[in-house]
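Beneath this line is the structure, given in C-alpha cells, with notes to follow.
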Amino acid sequence: MALPVYYDKDIDLGVIQSLQVGIIGYGAQGEAQALNLRDSKVKARIGLYQGSLSVSKAKKEGFEVLEVKELVQNSDVIMALLPDELHKEVLEKEVIPFLKEGQIVGFAHGFSVHFNQVVLPKGVGAILVAPKGPGSALREEYLKNRGLYHLIAIEQESSIHNAKAVALSYAKAMGGGRMGVLETSFKEECESDLFGEQAVLCGGLEAIVRMGFETLIKAGYPEELAYFECVHEVKLVADLLHYKGVEGLRKHISNTAEFGAIKAREPMGKLLKKRMQKILKKIQNGSFAKDFLLEKSLNYPRLNTERKALKETKIEQIGEILRAPFNHKK
C-alpha cells in the first residue's frame, strides 16, 4: 500500500510561520530542528531545565531559553525532542498540567504515544514529524538546499489548529518537502522504526559483523584481515545499497561475490526470517517497550554492562588501531 507523499509545492509554510514553536531539548535533533526552523522564518524558542548543560549552547546560538513549563504556556506547538524513556516523566510534570485546548504537541518518534506513556488531554493535538536521519544530516542537507525524507502522523486533533496542516508545514520548514513527506500512523512509524533498529540497522548488523569477525579469528585468520573483511568494508557496500538499491549493488560487485551472496543467503535467510518474526512480535505486543522502560527504571544495568564489556573485545581493540588514520584526518 503506497503512502501519501507531499512535496514543497503541496504544503503551506505559512501555517507554521504563523505559530510560536517551543522545542523541549537541545540535543542533536533539537539543535538541528531549531536552526532549520529559524532559517525557515519560523519563531522558535527552547525549553530546558535549570542547570542543563545545553542552556549556554542554545543561548550562544541566539535562541531564547525558557524553563519547560514556561515554554509550554507560551507556545502554540511544543516539540518533545527528548529521549523516548524521558517523555513520561517530563511531560507529566512539566508539560501536560500547563497545556491548553488547541495547542499541539509534536514528537519525532511514536514510542511514548503508541505505548501509552504519554496521553494528552482532549482538544490538544498530537502529531509526529520524524526526519529519516540524525540531527547532523538534517541540518547538513537543509544547508545544501536539500532535505531528508520525513514521516508525519496525526494521533489526536487540535480543537483550534488543523493538526495535519501543522505537521506538514513543520516538515517543510525542516526541508522535508524538498525530498518528500510521507503520511503514516504513530503505530506504523514506531513499530517499523524499532524493528529496523533491532533486526537490521543496529542489532542485526552488529550481530553479523561481530559473528563474522569472531568466526575468522577462531579459524586462525589475522585480526586485521578479519576486521577489514567483516567491518571496514561494510561502508562500501552500505553506500552502494543506499544510492543504487539491491539490484544496483549486485551490478557493482564481482560475479564471485554475487554468486557467493546467493549461496549464503539461502541457509542464512531461513534462520534470520524466523528470528526477525519473533523480534517484530515482541515489538508489536509491547514486550520490548516494557523491558526497555524497566531497564531505564533500574538505571540501565544491562546497557552499562554491555558498553563496558564491548570496550574489551578484540573487534574494538583492533578496530581502534585501524580506524586511527581516518579519525586523524578528521
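For all residues, glycine too, the Cβ spot is worked out from N, Cα and C.
Pulled from Swiss-Prot:
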type: DOMAIN; residues: 3-184; note: domain 'KARI N-terminal Rossmann'
type: BINDING; residues: Tyr26, Gly27, Ala28, Gln29, Ser52, Ser54, Gly135; note: NADP(+) binding site
type: ACT_SITE; residues: His109; note: active site
type: DOMAIN; residues: 185-329; note: domain 'KARI C-terminal knotted'
type: BINDING; residues: Asp193, Glu229, Glu233; note: Mg(2+) 2 binding site
type: BINDING; residues: Asp193, Glu197; note: Mg(2+) 1 binding site
type: BINDING; residues: Ser254; note: substrate binding site
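Across the fold, the C-alpha of Ser52 (NADP(+) binding site) and the C-alpha of Glu229 (Mg(2+) 2 binding site) stand 43 Å from each other. Around Asp193 (Mg(2+) 2 binding site), the same-chain residues six or more apart in sequence whose CB sits under 8 Å from its CB are His109, Gly110, Ala130, listed in sequence order.
Residues within less than 8 Å, Cβ to Cβ, of Gly27 (NADP(+) binding site) and separated from it by at least 6 positions along the same chain comprise Ser54, Leu81, Leu82, Gly135. Among the binding-site residues Tyr26, Gln29, Glu229, Glu233, the residue whose Cα lies closest in space to that of Glu197 (Mg(2+) 1 binding site) is Gln29.
For Gln29 (NADP(+) binding site), the nearest of the binding-site residues by C-alpha distance turns out to be Glu233; the candidates were Glu229, Glu233, Ser254. Taking the domain 'KARI C-terminal knotted' (185-329) as a whole, pLDDT averages 95 in the prediction. The distance from the Cα of Glu233 (Mg(2+) 2 binding site) to the Cα of the residue listed as 'substrate binding site' comes to 15 Å. Among the binding-site residues listed here, namely Tyr26, Ala28, Ser254, Ser254 has its C-alpha nearest to that of Glu229 (Mg(2+) 2 binding site). Between the CA atoms of Tyr26 (NADP(+) binding site) and Ser254 (substrate binding site) there is a gap of 46 Å, rounded to the nearest whole number. Under DSSP, the residues of the domain 'KARI C-terminal knotted' (185-329) split into helix, strand and coil as follows: 127 helix, 0 strand, 18 coil. Classification of Gln29 (NADP(+) binding site) by DSSP places it within a helix.
Other Cβ atoms within 10 Å of the Cβ of Gly135 (NADP(+) binding site), summed over all protein chains shown, number 19. Each of the binding-site residues Gln29, Ser54 was ranked by the number of other C-beta atoms within 10 Å, and first place falls to Gln29.
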